[in-house]
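Asker: What TrEMBL lists as transmembrane segment is 25-46, 58-80, 100-119, 126-145, 151-169. Residues or ranges marked as domain 'Phosphatidic acid phosphatase type 2/haloperoxidase' in TrEMBL: 56-166.
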Amino acid sequence: MYEIDAALTHAINGLAGQSSTIDLLMIWFSNVGVYLMVLAVVTQWWRGPDRAHIRHRVVAAGFSFLLGLGLNQLILLVVHRVRPYEGGVTNLLIEPSADFSFPSDHATAAFAIAAAFLLHASRRAGFAFLVAACLIAFSRIYIGTHYASDVLGGALTGVVAALMVRATYKEGTKPDRLITSIL
C-alpha cells in the first residue's frame, strides 16, 4: 500500500517544476486557501433573507472546522508519519514543516467546511467549497509536503467532524438560537 501511496504522491509532485507560474499558484493556494475559505464562510453570516438558517450553517462549519483540527491533534499523538520529502519521495517547494505528516490539517479544515455546508442544505456554496478543498488537498501533494494518503486522511477527518456536528448541533434548538444570537 505504501508503494502505491508513494508512487501517486511522487507522480503528482513530479508535475512541479514544469511551470513556474503553476508552481507559484500551487504554493499560494496551499498557503492561503484555507484562510480564504474561512473568510468566505464568515462573509456568509450577512447574506440572504433567511439569516437564522445561514447563521446556523456558518456556526456548524466553524464547529466542524475546530472539531476536525482537534481530532487531528489526537491522531497526531499516536501516528508519527514523516513527511514525504524526508523520505525522498518528493521535492519540497516550500520551507519544511516541523510536525508530522498524517493527517493533513489543511485538508481536514477545508473538507470540514465543505462537508458542513453540503450537510446543512447549501449545495451551491457547499460545491464551491468542495472544489476549493480538492484544490487545497492537491496543492499540498503538489508542493511536496504531504503524501496522497495524508490529504485523504485529512479529508476523511474533516467529513467525520462535519457529520458529528450535523448529528449533534440542530438548527432551531435553544443552543442554536443562543449561539447565533450572541455572535
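Heads up, the Cβ atoms here are built off N, Cα and C, so glycines get one too.
Quantities reported herein were computed from a predicted structural model and do not represent experimental measurements.
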Asker: Below 8 angstroms Cβ to Cβ, which residues of this chain, lying six or more residues outside the transmembrane segment (58-80), approach it?
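Answerer: For the transmembrane segment (58-80), the nonlocal Cβ contacts are 38, 41-42, 44-45, 99-100, 102-103, 105, 108-109, 111-113, 115-117, 119-120, 153-154, 157-158, 160-162, 164-166, 169, 176, 179-180, 183.
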Asker: Taking a Cβ cut-off under 8 Å, which residues six or more beyond the ends of the transmembrane segment (126-145) line up next to it in the same chain?
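Answerer: Non-local partners: 9, 12-13, 15-16, 23, 26-27, 29-30, 33-34, 36-37, 40, 83-85, 90-94, 97, 101, 104, 106-107, 110-111, 113-115, 117-119, 151-152, 154-155, 158.
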Asker: Near the transmembrane segment (25-46), which residues from the same chain, at least 6 beyond its ends, have a CB less than 8 A from one of its CBs?
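Answerer: Apart from its flanks, the transmembrane segment (25-46) reaches 16, 54-55, 57-58, 61-62, 65, 93-94, 106, 109-110, 113, 125, 129, 132-133, 135-136, 138-140, 142-143, 145, 183.
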Asker: May I have the DSSP-based helix, strand and coil counts for the residues of the domain 'Phosphatidic acid phosphatase type 2/haloperoxidase' (56-166)?
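Answerer: The domain 'Phosphatidic acid phosphatase type 2/haloperoxidase' (56-166) comes out at 77 helix, 0 strand, 34 coil.
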